[in-house]
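Below: the structure, in C-alpha cells.
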Amino acid sequence: MAAIVIVGAQWGDEGKGKATDILGGQVDYVVKPNGGNNAGHTVVVNGEKYQLKLLPAGLLSENAMPILGNGTVINLEALFEEIDGLEARGADASRLRISANAHLVAPYHRTLDRVQERFLGKRAIGTTGRGIGPTYSDKVARVGLRVQDVFDESILRQKITSALDVKNQILVKLYNRRAIEAEEIVQYFLSYADRLRPMVIEAEYEVNKGLDEGKSVLMEGGQATMLDVDHGTYPFVTSSNPTAGGACVGSGIGPTRITSSLGIAKAYTTRVGAGPFPTELFDKWGEYLQVTGGEVGVNTGRKRRCGWYDSVVARYATRVNGFTDLFITKLDVLTGIGEIPICVAYDVDGVRHDEMPLTQSEFHHAEPIYETMPAWEEDITGCRTFEELPQRAQDYLHRIEELSGCRISYVGVGPGRDETIVINDVMQS
Ligand code: GDP
Ligand code: IMO
Ligand code: MG
C-alpha cells in the first residue's frame, strides 16, 4: 500500500504531469484532489505529447483508475471535450470516475471570472478565466452546485434559481451585463446528465476501500504551494488548497494514510499570471530560460515568467507540505549556461531574511541574495543514474537539496517518461 501526494513546490508547471506519469503505472488510483480546467499537465510518451487540463494525467496510466476528487471543480463542457479529444487519439477514458461531491463550474462562473478581472484593472490576478475562483467562492458560501445535483432536477433548478437571483443583480447592476436565464442553465446541466451518470461514484469510499485492501493511490495535485489560497502569495493565488493537506481534504484520504509527500520543483522557477516573484529575471537569462525551457502556459498560451531557483520558497514548501522527497525537473535546461545563481535568502529593505518574511508587503520587497555555482557543459539528457551526471550537476543538486531541506529522489533530464533519474523510489518508501 502506498498513498503518495504529488504537490507543486513553486508557482505551478513544475512537471507534475510527468511525475504522475512515471508513478501512475505502479498505482491503482490516480485522484485529482483540487483545481479544474485551469491546470495543464504535460505527459510525453514515446515522443507523443499529451496536455491534460481538467482530467488527471493518470488517465494515461493504463491500469490506474483516474478520479476527479471531491475537491475539484468540473466544467462539464470542458470535461467531455477533453475526453473526446483524448479518445480520438486512442486513449481510454472509460475508467474515469468522478466524486458525487465535486463542484460544478456554471457558465455564470466563467462570466464572473472575466468581468471581475476586468473590473480589477491593474490589480487583476491574471486568472486563467475558467471560472475557478467564482466556483470555489460559491462552494464556500454554500450556494454552489455539486455533481450529484445534476441527477435531481428539482434541486438543481432550485439551486440555480436562487444563485442567479443574487448573481443577476451583480451582473446587471455592477458589471452592466445582461441577466442570465435560470432555465437556460438548468437545461445546460441536464443535457449532460445521461453521459455523466455512469462515471459518478462515492469516490472517497472507493479509494479508502482500495487502501484497506492494500492498493496504492496517487494524488495528483493541480497548481502549487505558492498558489495555495492559504499558503501562497495571496491574493495572487488560485482559490483551492493545492498543498499536501489540501490533497487529503480533496480526496477524502486521512492524513495518517499518506506514505510520501513528493514535491515537484523545476531546477529554476517559473510563474504565470500576476503577483510577486523575487527571483524573476528581466535580462537575457530570463529570455534564455523561457525559450530553452519552452516556458509557455499549457492552458492559456501565455509566456511564463522565469527566474532562478529560490531555496527560500523551497524550504517553505518543504515545511508546509511535509515533503518526504523532491523531484527536480528540467535540470537539462541549465546545461551550458556558465554560472547558476541560487537564491539562498532575501534582502528586505536592508534586513536579511533566511525564511519567508512575515507579511506579503515584505515579500513584495524581497530582493534575492544569490550564491553562484558553475554549470556543466556536457549534454545530460542521456544520463539515467545520479553517478552518470557531470560532477558540477551533482554538486548543484547536492546544494539545492541541502538548501531545500529535503532529499532529492528524482531528477528530470528531459520531458520524456524515460528521461528521469530515480534515486529513491517512493513506491518502496
Ligand atoms: P505541470 O503543470 O506541473 O504538470 O507542468 P506542465 O506540463 O505545465 O509544464 C512542465 C513542462 O516541462 C512540460 O512541457 C513538460 O513536458 C516539461 N518537462 C517536465 N520535466 C522535464 C524535464 O526534466 N526536462 C525538460 N526539458 N522538460 C521537462
Ligand atoms: P498547473 O496544475 C500555473 C495561476 C493563474 C493565476 C492564478 C489564479 O498546470 O501547475 P485561477 O484561474 O486558478 O483562478 O488563476 O493561478 N494558475 C496556474 N499557474 N500552473 C497552473 O496549473 C495554474 N493554475 C492556476 O495563472 O495567476
Ligand atoms: Mg501546468
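Cβ coordinates are placed from backbone N, Cα and C, and glycine is handled just like the others.
Unlike curated entries, TrEMBL annotations are predicted automatically.
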Per TrEMBL, member of THR128, THR135, THR292 binding IMP alongside ASP13, GLU14, GLY15, LYS16, ASN38, ALA39, GLY40, HIS41, ARG142, GLN223, THR238, ARG302: THR128
Recorded positions whose CB lies under 6 angstroms from ligand 3, from ASP13, ASN38, LYS303: ASP13
Helix, strand or coil at THR42 (GTP binding site) [DSSP, three-state]: strand
Within 10 angstroms of ASN299 (substrate binding site), Cα basis - binding-site residues out of GLY15, LYS18, VAL413: none
Cβ-based isolation winner (fewest other Cβ atoms within 10 Å) among the recorded positions HIS41, ARG302: ARG302
Number of other Cβ atoms within 10 Å of the Cβ of ASP13 (active site, proton acceptor) across all protein chains: 27
Distance, HIS41 (active site, proton donor) to GLY15 (GTP binding site) (CA atoms, angstrom): 7
